[in-house]
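A.B. asks: I'd like to ask some things about the structure below.
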Amino acid sequence: MATGSQTSWLLTFTLLCLPWPQEAGAFPAMPLSNLFANAVLRAQHLHQLAADTYKEFERAYIPEGQRYSIQNAQAAFCFSETIPAPTGKEEAQQRSDMELLRFSLLLIQSWLGPVQFLSRVFTNSLVFGTSDRVFEKLKDLEEGIQALMRELEDGSLRAGQLLKQTYDKFDTNMRSDDALLKNYGLLSCFKKDLHKAETYLRVMKCRRFVESSCAF
């Protein structure tokens, strides 16, 4: 492995292992730039995990000829499509940081229940088998977003006052066609929602700390 790649991997691993700061006064405050960097790395990691799991599930269970029609039917399936959250980078840039943090938190919290059933669905998955702590990873990102909200608190509407909703749990009966389609749809939403959360966090980080990685 090249020295540059090795250094980059070690830096990413170190940042992913860093704990979030606790309530004010418990520990010295972490710089805001570090809070954003940690949150973005965690969101990227979860989004990649969701995308890999979705692709593996698709290869294993969904015939290639049926994928396009099923994906079209899933277009309005995700509950996140029913909330006024930005759908892309351009729309996200029009929202305040607190709005984006609230939407990110809502998206993450909507998956905390369903993902606890993932390990039962993907017991033999090569992708999921190496990442069976997805619930803990989501909780970690939730804490990071809450830490950012505490730092940026502006006294406006709190995230807890937003309408909260969760997805159905994953179906463990993998012999049922209905269960396969349900899980396929849930994984699609999981991937989309984590992509949104990652996008929101990257937009916030880039406009606060101008850097070359803002082009995404």
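From the backbone N, Cα and C atoms, a Cβ is placed for every residue, glycine too.
The following feature annotations were taken from Swiss-Prot:
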{"type": "SIGNAL", "residues": "1-26", "note": "signal peptide"}
{"type": "BINDING", "residues": "H45, E198", "note": "Zn(2+) binding site"}
{"type": "DISULFID", "residues": "C78-C189", "note": "disulfide bond"}
{"type": "MOD_RES", "residues": "S131", "note": "phosphoserine"}
{"type": "DISULFID", "residues": "C206-C214", "note": "disulfide bond"}
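Mind mapping these onto the model and telling me what they sit next to?
C.D. replies: There are 21 other Cβ atoms within 10 Å of the Cβ belonging to C78 (disulfide bond). In three-state terms derived from DSSP, C78 (disulfide bond) belongs to neither a helical nor a strand segment and is classed as coil.
C206 (disulfide bond) carries a helical DSSP state (H, G or I).
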A.B. asks: Give the three-state DSSP assignment (helix, strand or coil) for E198 (Zn(2+) binding site).
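C.D. replies: Note: E198 (Zn(2+) binding site) is helical by DSSP.
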A.B. asks: Of the recorded positions listed here (H45, E198, C206), which is spatially closest to C78 (disulfide bond) when Cα positions are compared?
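C.D. replies: Nearest listed residue in space: E198.
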A.B. asks: Fill in the CA-CA distance, H45 (Zn(2+) binding site) to C206 (disulfide bond), as an integer in Å.
C.D. replies: 18
A.B. asks: Given C206 (disulfide bond) and E198 (Zn(2+) binding site), what distance in Å do their CA atoms have, once rounded to a whole number?
C.D. replies: 12
